[in-house]
Amino acid sequence: MMLQVLACGAVVFPGLFFAFRRILPCVFKHWNDADVVLVSERLVSSIHAVMATTAGAIVVASCRDNVVNGRHWLATYFVIWYGGPYMTYDIIAMYLSHFHRFRVKGHEDYKQHSLRTINSFIRREFLLVLHHIALLTVLLPVTLVRRGGRGGDFFIGCLFLTELSTPFVSLGKILIQLSLQNCWLHKANGGMVLLTFFMCRIALFPYMYWVYGRHYGIPLYSVPFHLPLSTNLGNVCILAPQVYWFVLLCRKGFRLYRRSRMPDLSPAAPVTDNPKDD
């Protein structure tokens, strides 16, 4: 039974990825392998994000009256069915995107897969790989063990909601791939990226502490002292990279805003500029 459950996500996400890899070249015939793999990865990430956000909203709504002891079956089964398998798949998909990107550029080491290409990927995307492995090896076991005791599924549902920003991030990459980085949709999407990322990946953590404190009638500043050290450290480890990535997003957004305010010195400027390097 457990293998059948794990097979759900293990089949769905790779299956979608390979399906997109077959379909996209038929629609966008001028795209190279790197373009196809990048967009395929982003589309699958968006699908997973919609699933996770929906599951999170259901769990949070179901358990909001009892945030500490409330339970919902999705809190555990989504992690097992789709969360764990997706994290494993996504590491492989990110590596394939990395590999094809450098292969298209003509790097000698990227004529075929090797330990050197894997090591290069890990060095370049170390924080993302570490983030995925931590969620895979920490969140999944903790969720399973916790079900043997009290509830707390409200907070697991909140963690699912962190995926709300992913479709907007992916849409931004896809719009750039379609050379639509100068349209109003890309600018509006950039605002949504910053808003959803801040609300669901940063502000969400103090909100969870506040909800916990309200349940027990204690002030927000006292909540960390009422929680196990492991819980606080786990939250810090999850929050820290989110803050780092948010700063990077703000810097990129500021660069794009400043660039849009500058007068065009040449009509060809938008064509020669390569937004993929931002």
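Glycine too: its Cβ is placed from the backbone N, Cα and C atoms.
What TrEMBL records for 34-258 is domain 'TLC'.
Sequence annotations record features per position, and here TrEMBL assigns transmembrane segment to 126-142 (among others).
Same-chain residues lying 6+ beyond the ends of the transmembrane segment (154-176) with a Cβ under 8 Å from its Cβ atoms: 38-39, 42-43, 45-46, 48-50, 52-53, 55-60, 62-64, 66-68, 70, 72, 74-75, 78-79, 139, 143, 183, 185-186, 189-190, 192-193, 196-197, 199-201, 204, 207-208, 211-212, 238, 242, 275-276. Annotated transmembrane segment per TrEMBL: 154-176 (among others), in sequence order.
Sequence annotations record features per position, and here TrEMBL assigns transmembrane segment to 188-212 (among others).
For 232-250 (among others), the entry in TrEMBL reads transmembrane segment.
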Beyond the flanks of the transmembrane segment (126-142) by at least 6 residues, Cβ under 8 Å: 79-80, 83-84, 87-88, 90-91, 94, 159, 234, 237-238, 241, 244
